[in-house]
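Undergrad: The structure under discussion is supplied below as structure tokens; questions concerning it will follow.
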């Protein structure tokens with residue numbers, strides 16, 4: 001019965017970790033969408049996350065780890081890929097949009113140029129100045145009492161590819177969240193209960209030696225990638241002397257998810273024989289917390 005209790009506790013803590021990771025990326029995805037920019041997040045960090053996710057899932061499948069580990073791994077890959085795609089799209093597409101001040105200056109310059117050309121005409125019969133985009137906007141603004149330039153910019157922004165990409169990223173994230181929630185409910189409601197241990201064969205066969213070696217290699221590679229992935233973000237923050245465009249919740253929820261993820265493994269047993277297959281995953285969960293603390297400290301010192 002002790003094993004059953006430990007397994008139940010491991011599953012409960014694992015689902016807490018799962019809930020943390022279910023929402024960890026949403027603050028950053030929304031922040032990118034609101035700012036129409038992905039400059040705050042390190043692109044190297046996100047690429048490393050996706051690569052680490054692939055290694056993590058492969059190793060977990062080959063090692064036949066607990067279900068919560070697999071669910072978290074698949075969800076990591078889905079959401080990390082969404083954030084990476086959104087960031088790349090904003091960096092490559094939304095650079096074409098000019099600030100409002102630049103557009104107003106350009107329109108005013110065009111208006112003044114047209115007026116000067118008319119004034120330089122020495123003929124007694126003066127021709128009316130050709131209305132430009134700025135004069136049309138100004139005249140309409142005076143008649144209607146509304147800022148048409150601002151409305152034009154808002155309409156242009158709403159129809160821009162960056163806006164559509166942001167909406168698509170949010171919808172994809174919400175869809176993945178719903179799918180994962182359904183998976184969790186189905187797992188809790190319909191998953192078979194673990195059988196009590198007996199003196200005989202439990203029917204569970206360990207993976208072949210070669211499979212174990214490959215799985216451990218995959219797990220170790222993913223752990224190293226996860227550990228090193230936060231370093232580029234810390235370096236970028238240091239070089240910019242700013243954390244602007246970066247969500248603090250991304251790292252707070254990551255720390256919560258990492259610690260509960262490790263607890264879900266440790267609560268089952270502290271026996272070295274039990275922990276041996278999980279060592280890469282434990283390192284990949286706990287060691288990044290050190291760098292995450294450094295990044296959270298950067299939020300404080302670069303606040304101003």
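Cβ from N, Cα, C; glycine included.
Caution: TrEMBL annotation is automatic and unverified by curators.
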Undergrad: For the annotation transmembrane segment in TrEMBL, which listed range does it cover: 209-228, 229-248?
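TA: Checking TrEMBL against the ranges 209-228, 229-248, the transmembrane segment one is 209-228.
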Undergrad: Tally Cβ pairs under 8 Å between the transmembrane segment (43-62) and each listed stretch (12-31, 68-90, 209-228, 249-272, 278-299), then give the stretch with the top tally.
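TA: If we count Cβ pairs closer than 8 Å to the transmembrane segment (43-62), 209-228 scores highest.
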Undergrad: Below 8 angstroms Cβ to Cβ, which residues of this chain, lying six or more residues outside the transmembrane segment (209-228), approach it?
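TA: Here the qualifying positions are 48-49, 51-53, 55-56, 58-60, 62-63, 277, 279-281, 283-285, 287-288, 291.
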Undergrad: Should anything in the same chain at least six residues away from the transmembrane segment (278-299) have a Cβ under 8 Å from its Cβ atoms, list it; otherwise answer none.
TA: 52, 56, 59-60, 65, 69, 216, 219-220, 222-224, 226-227, 229-231, 233-234, 237-238, 243, 246, 248, 251-252, 254-255, 258-259, 261-262, 265-266
